[in-house]
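Asker: Take a look at what Swiss-Prot says about it:
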type	residues	note
ACT_SITE	CYS53	active site, thioimide intermediate
ACT_SITE	ASP60	active site, proton donor
BINDING	VAL75, GLU76, SER77, HIS94, GLU95	substrate binding site
Amino acid sequence: MADNPIYQKLGQLGQHTVQPASPEEAQLERVENPHSGTLYLTRFVAPEFTSLCPVTGQPDFAHLVIDYAPGPWLVESKSLKLYLTSFRNHGAFHEECTVSIGKKIFDFTEATWLRISGYWYPRGGIPIDVFWQSGDVPKGLYVPDTGVASYRGRG
């Protein structure tokens, strides 16, 4: 399977990799979509996403759900994992993290459609949920609910 030409340009999958220090340093990788032209949905869930508050340097935590309808390319999952974990030492507000991740994946993969849902855990007593999508859901695309309940605290 590794001999398949669509995998030959990958530099991270199956290799020892160093954790990127920042999102700017992280390199997403992509492979050809063997079902290009077929409308379907792929979901990635990152329940332990971490970044830093740009003002206080305190950690912020989120549950991210990334739904995308692939176009000609698929995002390679190890590179996505490394990209997402590169935010651990990155200072940015919740909105910046969530929207920039969605836009980068959408542009890089030339996706047909993408939605990212960022469910940020409370800090200072306020949960912040951030949602971005590239446009209207394509007709005929099955998009299940994210399955993430609204934050209820102890209530």
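Using N, Cα and C of the backbone, Cβ positions are placed for all residues, glycine too.
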Asker: Given the binding-site residues VAL75, GLU76, HIS94, which lie close to ASP60 (active site, proton donor), meaning Cα to Cα within 10 A?
Answerer: HIS94
Asker: Which residues in the same chain, at least 6 apart in sequence, have a Cβ under 8 Å from the Cβ of VAL75 (substrate binding site)?
Answerer: LEU28, GLU29, ARG30, PHE44, TYR68, ILE105, PHE108, THR109
Asker: Could you give the Cα-Cα distance between SER77 (substrate binding site) and CYS53 (active site, thioimide intermediate), in whole Å?
Answerer: 26
Asker: Suppose we draw a 10 Å sphere around the Cβ of GLU95 (substrate binding site). How many other Cβ atoms does it contain, all chains included?
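Answerer: Around the Cβ of GLU95 (substrate binding site), 13 other Cβ atoms lie within 10 Å.
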Asker: Fill in the CA-CA distance, GLU76 (substrate binding site) to the residue listed as 'active site, thioimide intermediate', as an integer in Å.
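Answerer: That separation, Cα to Cα, works out to 28 Å.
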Asker: Does anything in the same chain, at least 6 positions from HIS94 (substrate binding site), have a Cβ under 8 Å from its Cβ, and if so what?
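Answerer: Listed in sequence order, they are ASP60, ALA62, GLY118, TRP120, ILE128, VAL130.
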Asker: Does DSSP put VAL75 (substrate binding site) in a helix, in a strand, or in coil?
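Answerer: Looking at the DSSP assignment, VAL75 (substrate binding site) belongs to a strand.
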Asker: To the nearest Å, how far is the Cα of the residue listed as 'active site, thioimide intermediate' from the Cα of GLU95 (substrate binding site)?
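Answerer: Approximately 11 Å lies between the Cα of the residue listed as 'active site, thioimide intermediate' and that of GLU95 (substrate binding site).
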Asker: Measure the Cβ-based neighbour count of SER77 (substrate binding site), defined as the other Cβ atoms within 10 Å of its Cβ.
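Answerer: Summing over all protein chains shown, SER77 (substrate binding site) has 12 other Cβ atoms within 10 Å.
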Asker: Using the structure shown, find which entry in CYS53, GLU76 (the recorded positions) has the sparsest Cβ neighbourhood within 10 Å.
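Answerer: Counting other Cβ atoms within 10 Å of each of the recorded positions CYS53, GLU76, the minimum falls on CYS53.
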